[in-house]
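Before any comments, here is the structure.
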Amino acid sequence: EPAEEQDTGNHTLLTEFVLSGLSSRPELQHLLFFTICLVYSMTLMGNLLICMVTVHPTLHMPMYFFLRVLSFLDISTASVVVPKMLANLLSEDRSISYLGCVTQLYCVVFLAATEWYLLAAMAYDRYVAVCSPLRYSAIMNTRACFSLVLLCCCSGKVVSVVQTAWVFTLSLCGPRRIDYFFCDIPPLIMLSCTDTSRYEKQLISATVLVIFTPFCLILLSYTCIISSILKISSAESRHKTFSTCSSHLTVVTLYCASGTLIYLQPKSSNSQDTKKIMALIYTTVIPTLNPLIYSLRNKEVKEVLIRAM
């Protein structure tokens with residue numbers, strides 16, 4: 001039997017996939033390689049810098065602890081997707097094993113879901129800081145912060161196990177070419193030779209659970225925060241309080257826009273190029289922007305960065 005295929009009845013079970021990549025135009029491959037390589041290097045340097053800076057004694061606050069975890073997740077997300085994508089840009093062999101595809105999908109979904117729940121935890125932290133400042137230290141103690149991060153990771157793991165198991169229980173019978181640059185849910189279910197309408201409904205439900213439930217909690221938190229900010233008499237204090245929240249809102253908006261466009265219409269072939277662009281933004285560009293958003297808009301982080309440099 002061939003290494004990549006095994007015939008069973010009228011269908012062919014896939015044991016190897018081929019990733020089409022970002023573009024099929026040969027003249028763009030080297031340009032894309034150097035551009036993405038530069039962006040990936042910036043992602044690693046920026047997020048590693050945030051991880052090192054936020055351990056400074058002056059930044060021992062829950063907000064910076066969550067920011068450090070977010071930077072670690074950003075590094076992991078980019079590292080799961082980008083190295084394989086860069087290798088494929090310079091190689092004619094763009095194959096990925098069945099096990100490699102399962103592993104990549106599991107990691108991508110786990111990291112994405114965990115980041116969303118972490119963004120909700122960060123919004124809750126800002127809510128407590130603004131709306132209950134006198135009780136902030138008691139509520140957001142070290143144990144509570146670690147418990148929230150552990151809860152985010154466990155929730156992400158559950159989502160990832162369920163989604164990965166459901167995708168790979170479908171009859172993926174070909175073609176083995178995945179019109180994408182990494183193993184993700186929408187392009188994989190397009191390879192199914194069975195009716196996937198039920199699974200697509202389940203995927204939309206999972207998208208609502210993973211994206212819109214945390215998003216609604218974030219909106220609720222910021223509704224209460226804005227209400228408290230408007231009650232502050234000093235304009236300077238209002239501006240300072242809001243500036244600590246604006247960075248987080250910017251990141252949430254970027255994640256929500258890209259995640260919604262990728263997963264709400266999983267089998268729409270007309271928007272495949274759009275999904276590739278959104279997925280590239282989600283896995284490569286946003287992890288690069290997060291350190292810039294949080295450092296440039298945060299006076300304390302900038303001061304520590306300047307001293308460190």
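The backbone N, Cα and C atoms fix where each Cβ goes, glycine too.
According to TrEMBL, the domain 'G-protein coupled receptors family 1 profile' annotation covers 46-294. Under the heading transmembrane segment, TrEMBL lists 31-53, 65-83, 103-124, 145-168, 204-230, 242-265, 277-296.
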So are the transmembrane segment (242-265) and the transmembrane segment (103-124) touching or not, going by 3+ C-beta pairs under 8 A with a sequence gap of 6 or more?
yes
Average model confidence [pLDDT] within the domain 'G-protein coupled receptors family 1 profile' (46-294):
84
By a Cβ-Cβ criterion of under 8 Å, what residues six or more beyond either terminus of the transmembrane segment (277-296) are in contact with it?
22, 36, 39-40, 42-43, 46-47, 49-50, 53, 67, 70-71, 74-75, 77-78, 80-82, 108, 112, 180-182, 184, 247, 250-251, 254-255, 258-259, 261-262, 302, 305
Among the recorded stretches 65-83, 145-168, 204-230, which has the greatest number of Cβ pairs closer than 8 Å to the transmembrane segment (31-53)?
65-83
Apart from its near flanks, which chain residues at least 6 from the ends of the transmembrane segment (145-168) lie with a Cβ under 8 angstroms of it?
62, 65-66, 69, 102, 105-107, 109-115, 117-118, 121, 124, 185, 188-189, 199, 202-203, 206, 209-210
Residues from the same chain, set at least six apart from the ends of the transmembrane segment (103-124), whose C-beta lies under 8 A from its own:
63, 66-67, 69-70, 73-74, 76-77, 80-81, 84, 96, 148-149, 151-153, 155-157, 159-161, 163-164, 167, 182-185, 188, 210-211, 214-215, 217-218, 221-222, 248, 251-252, 255, 259, 282-283
